[in-house]
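Participant: Not my notes, these are from Swiss-Prot:
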{"type": "COMPBIAS", "residues": "313-329", "note": "compositional bias 'Acidic residues'"}
{"type": "DOMAIN", "residues": "29-96", "note": "domain 'BTB'"}
{"type": "DOMAIN", "residues": "131-238", "note": "domain 'BACK'"}
{"type": "REGION", "residues": "304-329", "note": "region 'Disordered'"}
{"type": "REPEAT", "residues": "320-366", "note": "repeat 'Kelch 1'"}
{"type": "REPEAT", "residues": "367-425", "note": "repeat 'Kelch 2'"}
{"type": "REPEAT", "residues": "426-473", "note": "repeat 'Kelch 3'"}
{"type": "REPEAT", "residues": "475-526", "note": "repeat 'Kelch 4'"}
{"type": "REPEAT", "residues": "528-571", "note": "repeat 'Kelch 5'"}
{"type": "REPEAT", "residues": "573-623", "note": "repeat 'Kelch 6'"}
Amino acid sequence: MSYFLSYCKAHGGALLTGYQALRAEGFLCDVTLETEGSEFPAHRSLLACSSDYFRALFKSHTQESRARVIHLHVPSAAGLQRLLDFIYTAWLSLSMDTVEDTLEAASYLQVTEALGLCGRYLERQLAPENCCFAANVAARFGLAHTLDAAERCIVSHLQELLARGAGPAGLLELNPTSLRAVLGAPDVARVPEARLLGLALAWLRQEPTTERLAHCTELLERVRFGLVPADVLRRVYSGSGLVLPARVKGLIIQALNYHTTPSRQPLMQGEQTSIRSPQTRILLVGGRRAREVVIEEVAAPQRAARGQVAAPEPEEEEEELEEEEEEEEWELTQNVVAFDVYNHRWRSLTQLPTPLLGHSVCTAGNFLFVLGGESPSGSASSPLADDSRVVTAQVHRYDPRFHAWTEVPAMREARAHFWCGAVGERLLAVGGLGAGGEVLASVEMYDLRRDRWTAAGALPRALHGHAGAVGDRGVVYISGGKAGRGEGGASSLRDLYVLGPEEQVWSKKAPMGTARFGHHMAVLRGAVFAFLGRYEPFSEIERYDPGADQWTRLRPLPYDRFCYGLAVVEETALLLGGLKWRDSRQVPTRNVVGYDLDLDRWEDIGCALPWAWSGLRCAVLQLAEGGDDEREGEVGEALDLVLG
């Protein structure tokens, strides 16, 4: 004898269809639901199967459980009608006008499937014009997933909502939980922090004020006061019209102390001073560039059909660049350009205080420091006279939080073609060419905490055109360069010098396999890499193992280059722009190549600099998303909001 089990997919639907027919006929209806004067005949069995409320009610031994008419405290008869239609048909009719009433009924009667459908409907309908409403509804009815989606929608469209006005956009009616989430979101983009502070203060001033002020601390502590201008902070502290809790006052005082000690700011970084929605960008700073029109934002050249057409061979590319060089005119530049290495886009970020060549850059606490270099002896408006440059000792610092330059105390000696780096709480400036063209062995150190330069242990010999890097535990490496004056004054060197964090005397280590000048170094996974410089016919790359004191030759770059910029992003060394030799001539190269550490392989990443550029210096910073034009009016608008 054989047995089998069959399943009918249509049975469930047929059962509901039968119940709906009975309901339409009023046949076998054994209970009537009443609200707002409207009555709805129904079947106890189906109600108990669909609603936790009715299941518990009908199981209880109370007079109401046996009553023919049950009075419900559902605020909307229309909402109850839609919910009963769902129970009998599995279809729920929803719109933004009816979803709240439907949720009222579903929540009261504990119809969990209807609650889930309403939540998913709100998520699918999310848009800037309704995201605040959706967040309030989701918070009211405990729809956690929908609430999270609505809050993310508010965060992503906050700039647009604030542009429409906090009141009309619904931000001032937002529930406190959602507002707290928005103010604390790390990925708020294109909204100055002062506007977030103004939004919080405007919300707290709304009626009922007493009830809202109970949320003052939990809201305002989410504002990053270190990103708010000092003038705004002072007005908030003394003239906001609100009684600020001690916790908030403490945060404001802490931020004011941050603003009044600029030299220590790189050492005072934390959540209160961290940029929201940070974007990793490579900054290309100064040097010489072709005299072309600056393009605000340049998309990288893309291969046709997403790579279906092969890129030109290196020889063809060099020939094209050589032809361009015939008409190339160079000038010293003040440009600082931000490069999005992930999306291959360029954006003009800011301008150096003066055009520079032979300068050095480093970062500390997400600040960019630009040190020394050669600048025009005349006005900055005539930057192309290569024979009238002076070596400077000036140091400038760029703050991406406020898009502002600050002058730092100048170095003890003017320097060009030197190396600088951040070591702990100090900046180190090593060697270079002095104001009179002399080659320097001196080393000086800038103490960020004390805001002054002091002499440090000098190099064993004077050097310029050398490279440097900071390794693990703050060990400084200096390699190559020349000891003589001018490019032809001496041969390139192979020497490697090392300075430990607590040492005053440089140690000489194993020399490089190739003499180098005007090259670059970088530390990747604890190893020190030396990349090619000028007059290197074989384009060889080397890796130094500090533990073994040994150099290893790696795969050479497919084609030579010099006067390029170097940056390291996610353990990938990127070489940007520069010059190369072609038929005994210097020609520009605008491409960007990356070194794959695991495969010991070079790869052209498929984008070009916005113009021919040499002598540039590169650094990696976290920048706020958006352009500088969005910062205009920040202080004035924020003060208006602070004063109500």
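Cβ coordinates come from backbone N, Cα and C, glycine included.
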Participant: Apart from its near flanks, which chain residues at least 6 from the ends of the repeat 'Kelch 5' (528-571) lie with a Cβ under 8 angstroms of it?
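Facilitator: Here the qualifying positions are 280, 282, 284, 287, 314, 318, 341, 465, 467, 469, 471-472, 475, 477, 479-480, 487, 492, 496, 498, 509-514, 516-522, 577-581, 589, 593, 595, 597, 600-602, 613-620.
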Participant: Using a threshold of three or more Cβ pairs below 8 Å, and leaving out pairs closer than 6 in sequence, do the repeat 'Kelch 6' (573-623) and the repeat 'Kelch 1' (320-366) count as in contact?
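Facilitator: Counting Cβ pairs under 8 Å (6 or more apart in sequence), the repeat 'Kelch 1' (320-366) reaches the repeat 'Kelch 6' (573-623), since there are 3 or more.
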Participant: Over the span of the repeat 'Kelch 5' (528-571), how high is the average pLDDT in this prediction?
Facilitator: 92
Participant: Please list, for the repeat 'Kelch 4' (475-526), how many residues fall into helix, strand and coil according to DSSP.
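Facilitator: Summed over the repeat 'Kelch 4' (475-526), the classes give 0 helix, 19 strand, 33 coil.
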